Amino acid sequence: MARTDDQAKSVDTRYNARVESLRDKEYPMLNGSIYLDHAGTTPYPKSLMDRFAKEMTSNLFGNPHSASASSQLSTARIEDIRLRVLRFFNADPAEFDLVFVANATAGIKLVADALRTAPDGFDYSYHQASHTSLIGVREEARNSLCLDDQEVDDWLGGGCPFENDSEDRPVLFAYPAQSNMDGRRYPLNWAEKVCRGGTRKTYTLLDAAALVCSSPLDLSQANAAPDFTVLSFYKIFGFPDLGALIVRRDAEEAFDTRRYFGGGTVDMVVCLKEQWHAPKAQFLHERLEDGTLPVHSIIALDAALDVHKQLFGSMRDVASHTAFLSAMLYTRLELLRHGNGQSVCVLYSPGPETANNGLSSGPVVSFNIRNSQGAWISLAEVEKLATLKGFHIRTGGVCNPGGIASALGLEPWEMRRNFSSGFRCGTDLDIMAGKPTGVIRASLGAMSTISDVDSFVEFIAEFYRDASLSPARTEPVPQPHDPSRLRIHSMSIYPIKSCCGFQVPSGTDWEVRPEGLAWDREWCLVHQGTGQALSQKRHSKMALIRPALDFERGQLRVSYAGELPAHQPREISIPLSKNPSLFRSSSSRSRSSRVCGEEIQAQTYSSTAINSFFSDVLGVPCLLARFPAGGHGKSMRHSKAHLQKHQLSLLPTARPALPGSFPPSPPDSDTEKTVSRRILLSNESPILAITLPSVTELNREIHLSKPGLKEVSPAVFRANIVMTPADPDVPLAPYAEDSWSGIKVGPQQHEFEMLGACRRCHMVCINQETAERARSRL
C-alpha cells in the first residue's frame, strides 16, 4: 500500500527527530556549525572513533604478508571485511572482486593504467557530468570523446561514438551514478545497454562515489552491472579514509596486460640473470593491491559498518531522510523572492518533482544568487559570510567542469578566456564577463536535520534577500565641489602583510609610490612547506605582531603582544636595507611564494633568529620574506580591484560629484586596454580608504539588529586612509564613498582614482587588539 503524503511526512519527521536526538552525543564537533558539504566527506560519529580505539588497543595486528599470529589475524579480518563490503552493495563474491584503494580516484587510475598497457591501448568516452578524476583518463587513451545525454542515447541505439567500430581496440565508457555537482542521477542500466549494443569490446566504469554517500548501491544483477565501480568510504561513514574498486569477474581480463607489480602481488620474481615474475593468480585483488594494505583503515571499516547501521538503520532509510531534506531545501530556496518579485536563487539541481517523471536526484542543491537587480552575487563573498556564520558549504567548480559548463552556459572559448584573464581554481575571480564561473553547493547527509535546512534558508534570506519593493537604487545626491569638505583622520601602513598596522605620525610627510604608500605590505610571512603567504584568516595571532618603522636606526622593529614563554624574545629588529646578504641566495633551491593565488618571487631572509621569532610566536613554521617595490616579472604584482555590481551606476560619465572630484576615466571593457596598476602584497589595490561616518552607520545597524554587541572598530577594516568630515556641522552621508570616482588630497591636489569597493574578507571579524574572532557582529 502506498503511503499518503501525510504519512510520509510523519515518518520523515519521526526519523528526523531520531537523528536530532543523537547529534549532540555522536557529533559534538557539529556544535555551533551547520555542515552542508556531505558530498565532499561526511562527519564521523564519536562512537565509531571510540570503538576503533578500543579495537586498536585490544588487539595486535601485524603485516598481512607475514606468517605470525598477529599477521594472520590481520589477514583474516581483511578477508572477512572484504566479503562484508561486497554484501553491503549486494555484490555476489562469486561474480565480483573488491580491491581496496586509497579513494575513488585511485580506483579510476588503476583501471586506466591497466587499459593503457593493452597492445593497442584503448578508446575512451565519458559523460559530460563526470568528475575531474574521470575526465583525466582521456590523457591515457588513444582517442577520447565527451558525451551528453543525447549522445549516450544515440550510442545505446546502435551508433558507436568512434568512427571506426571494427577496430580491436577496446572502449572504456565512464559515467557517474550521481553528479557531484548538482545531484542528478544517471541510469545504472547504461552499463548493460552499452555493452550489449556495440560491436567492439566495451568496458564500463561507474563512479559511484557521490551516490553511495546517502543511497544504496545494488549490484545484485551481475550481468547488468558495470565492469568497474569505484567509491570512497569516507563519503559514507566519515572514517576511515579508504576507497574500493569493485570489479566484475567477467572483466578481470582487462588487467591481464598490467605491467607494474608491487610487494605482495607476485608468487615469484627473478631479477639476476633473467627478468621474470609470476603474478598471483587466485584472486584479482591479490594482483592489484600493491604493497602492504592499510590494515588499520580496513579494520576501522568493519566498525564503521556496524555503527552506521546502529545509528541510521539501512541505506534506504538514509536515502529517504536525505531526499526529504533535499526537497525541502530546494523548494524553500526556489520560493525565496526579493521585494520586487525577482528570484533570489537560480537553481541548477533537478527539482523534487522529477521523481514523478522516472528520474531521481541525490541530496545536493546547487545554485547561484542574484540581487534584486539581477546581478550575480560573488561566490567568494557568499563563502566568506557563510564561514563567519558557521556554515560549511562548497563553492566554485566543484571538480566537475562539464557539469559547470553546461549549467552556466560556458563555452570552451569563454573558459579559455577566463583562464587567460587570471581565473584559477580556488581564486576569488568568480564572476567573469558577467557570468559566474562556479556554483554554491549545499549537500546533505545521514546526520543532517530539518533545523540545518531552516538555518541555511534563513541565512540566505537574511543576507541576500532584498525585501524592499522598489528595484531602483537610490542615487546619491550630488555634493558641491569642496575639496576641504573632508580631512584625513588617520593614515596607516601595514609593513608585514596581515599583521598589525603602523600609524603614521600626524604631520609626517609620507611617500606615495606607484604601488601605494611607502613600506605598505612590503613584507610577508610564508609557510616553510608550501610557500603560501600566511593570513589572519587562518592565523589570527598575526594581529598581535606589531611592526614599527624606526628610520633613525634604519630598522623595522617587530614586537609580539601575546603570551610568550619566559625565554622567548618579545621583539626583534629587521634592517630596512635591501642588502643582498640578508637574504637567501637566489641560486639556492627554494620554492616560490604564493599570495592570493599568485606565484611571486619574494626574497626570504636567511637569519635563523628572524625566522624563528615569527615561527615561535605563531606556532607555524614560517619565513619572513620581502617583496620590495620596483620589481619585474614574478617580482611584481598588479591590482585586481574592480567596480562591484552595486557600483555599476558609476560607469556613465555623469557621475555624482565628490570631494575634489576630477573627470572619471572611461569604463574598461573586454576590448579596451586596461591600465595595469602595480601593487605589492595587498590583496587587490594599492590603497584602501574608509570614512568614519560609514563605520558609525554600520555600528548603528549592528546595534539595531543585535543590541548589546560591541561596536566595530575602524581598525578591523585595515584601511590605509581613514577620512572624516572636516567640519562636524557638515556631515558626510554614510557610504557616500561608494559613489565616488576618486579624491584629491593635499595642497597639490594629488589625484587618487577609485578602483572599486573592497571585497573585505572575514578578517573584519578579528579584533585587531586581542586577535579574538567575533563572527556574530558582521
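Yeah, the Cβs are placed from backbone N, Cα and C, and that goes for glycine too.
Among the residue ranges 408-428, 576-596, the one that Swiss-Prot annotates as region 'Disordered' is 576-596.
This prediction places the mean pLDDT of the domain 'MOSC' (651-778) at 72. The distance from the Cα of Cys399 (active site) to the Cα of Lys235 (N6-(pyridoxal phosphate)lysine) comes to 16 Å. If you count neighbouring Cβ atoms within 10 Å for each of the recorded positions Lys235, Cys399, the highest count belongs to Lys235.
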